[in-house]
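K.L.:
Below you'll find the structure I mean.
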Amino acid sequence: MSSQPQGEAPWQPIARRKQAERASRIPSHWRIPSHLLPHDPPTASHGSQNVLHIPSQSGLLSPSELRITESYTNPTLLAALSSSRVSAEEVATAFCHRAAIAHQLTNCLTEPLFDSAIARARYLDSYLRTHKRPLGPLHGLPVSVKDTFNIAGVDSSIGLAYLCHKPAAQNAPLVDLLLSLGCVIIAKTNIPQTLASLDSVNNVFGRTMNPINRLCTAGGSSGGEGVLVAMRGCMIGIGTDIGGSIRVPAMCNGVFGFKPSQGRVPYGGQALTGIEGMSRTSVQAVAGPIARSVEDIDVFLREVVPRAALWGEDCMPLASWSGSGSGSRNARPYGSGKNGELVVGVLRSDGNCTTLPPIENVLDEVSASLAAMDNVKVLEIQCPQAWTKCQSVMSKLMGVDGGVTMADMIESMGEPLVPWMSTRFRRGKPQSLLRVAELQAQRAQLEREMLKLWVEDDREGRRTRRLDAIVCPVAPHPVPPIEAYNAVGMTSSWVLLDYPAGTVPVRECKESDLQLGRLQEKQESLGSWDERNRELWDEKKIDRRVYLGTPLSVQVVVPRLQDEKLVEVMGWVDKACKGGGIGGDVKAKAQAKL
């Protein structure tokens, strides 16, 4: 596969046409004056160029549009819509306008669907007037979806010229479910070439920029979703996750991301990325929400999960969403401790990478704040050997098809590989059934070994749960510069094990986290991933000030199919971060050692 096209490659006119079509869907009166646009491409001399404030401080939005896009949570907006205090058309127009602004500042959209969204909102208003009730429990909620989700009549090009101008014949099951609940889908969002990198850049649509710091990555592969949610261009974004593709963009953009267990949210009806059916033999991705609060995630899942099996062939029946909601609703945490305590384990490394100082700091602070909460017990956990092995098995399973379908599509249009993929993607050879079975056997062994982390046996052989949740890093490093995202083991491993996992933002990276002028401690390398990770802290190779002001987050993990518990624990972690003295002098209780 060539790294550079010769002359006018087939993909180039397709990309120009696609970008022109996208631009034409933004009304002229929503265009941003050139003096408000950030410098592109960004350089260190331009600084971070934070654009989060531009929609609210530039006068681009009306007072009504600002109120609608900034004053509501999912529950309060749904209440206002169902009682006609605000119309679905007003809400859709406000969010479409803000999404258009967000896109011009960050390049986060692939398919603006503003006309159809506003038409849909008018229908919902008419329905409410006629029937005196909302169409569904999410009536009028503005939602965006990752470009991978099929919407009838709209491309699912996933940034590949080969798939452009081939609109989907029908909706993905989740899209149909969202519409049945009353949602308004306002846009599809950008992704990386091949969907296999933790950034969001492709040859057709270009690069999605981080709105907090344009020198740093927006994450991937649901990067457009993470950016649009952070920019308040929608109320909730729907991404997919197989290696961290929901949780990483949430980390990079300072929002919440939720990767459910398989079978809880419909995933089918995705764009073509490989040999059809191959995912059933390797590792299956899942769909899940990105939002600005745990409560917003809870409201979404409470309506989607109980209905999922009616729409998705890949979903399990569930009578109701049995969780008690986000932790902030409850009087106190509750879990498997001897006295009903919520037992949270802190895992600091996966054994493949040593976490950098800002990540260590935020883990210390979250651990201390949780331990200071009533009825929470915090345990420091040594990294299980099985967790260290997960990344290798996961990588091999994800490559069992040899990437032949993706390679065919890229090569047929003469597309060059984007920089991050140029050293990582190669056409391979599909693995034999025996090899796939061998890898799945290794996976099963890791699942058995990791189960021991959560349980304990008494002398009579009875087994009980000893751990309710894990707090660990999303990545061993802060939000990195563009093209520099490193290890994925701390996110991909939970997909291999099918554990629900979510990202909770904690605070911004401060100057005290950077340890400017302090040399890295000399430690024995854990391997090539660790060596690359250390380069992100080596002041001979990077200016640590690039991390200043970027979000620092943690990951919360629970056992398989305990999705309701994950929402609850994410709520308690968020409450601890906001009210437990993060960054202050909170003292931890004595921490037990496993």
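Heads up, the Cβ atoms here are built off N, Cα and C, so glycines get one too.
Pasting the feature list from TrEMBL:
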- 1-51: region 'Disordered' (REGION)
- 90-566: domain 'Amidase' (DOMAIN)
- K146: active site, charge relay system (ACT_SITE)
- L195, S221, I242, G243, G244, S245: substrate binding site (BINDING)
- S221: active site, charge relay system (ACT_SITE)
- 429-456: coiled coil (COILED)
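Surface or core, plus neighbours and distances: that's what I need for these features.
P.N.:
Under 8 Å, Cβ to Cβ, and six or more positions away along its own chain, K146 (active site, charge relay system) finds K188, T189, I191, S221, S222, G224, E225, G237, I238, G239, T240.
Applying an 8 A CB threshold to same-chain residues 6+ apart, the list for G243 (substrate binding site) reads A196, L198, M394, M398, V488, T491, S492, V495. When secondary structure is read from DSSP and collapsed to three states, G243 (substrate binding site) falls in the coil class.
Classification of S221 (substrate binding site) by DSSP places it in coil, neither helical nor stranded.
For the coiled coil (429-456), the model gives a mean pLDDT of 97.
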K.L.:
Write out how many residues of the region 'Disordered' (1-51) are helix, how many strand and how many coil, based on DSSP.
P.N.:
23 helix, 0 strand, 28 coil
K.L.:
Determine the Cβ neighbour count for I242 (substrate binding site): the number of other Cβ atoms within 10 Å of its Cβ.
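P.N.:
23, counting other Cβ atoms within 10 Å of I242 (substrate binding site).
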K.L.:
For the binding-site residues S221, S245, work out the Cβ neighbour count at 10 Å and name the residue with the minimum.
P.N.:
S221
K.L.:
What is the set of residues, excluding L195, S221, I242, G243, G244, S245, whose C-beta falls within 8 angstroms of the centroid of the C-beta atoms at the substrate site?
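P.N.:
Result: A196, L198, G220, S222, T240, D241, I246, V248, A285.
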K.L.:
In the three-state scheme derived from DSSP, which category covers L195 (substrate binding site)?
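P.N.:
DSSP assigns L195 (substrate binding site) to helix.
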K.L.:
Please give me the CB contact count at 10 A for G244 (substrate binding site), counting all chains in the structure.
P.N.:
32
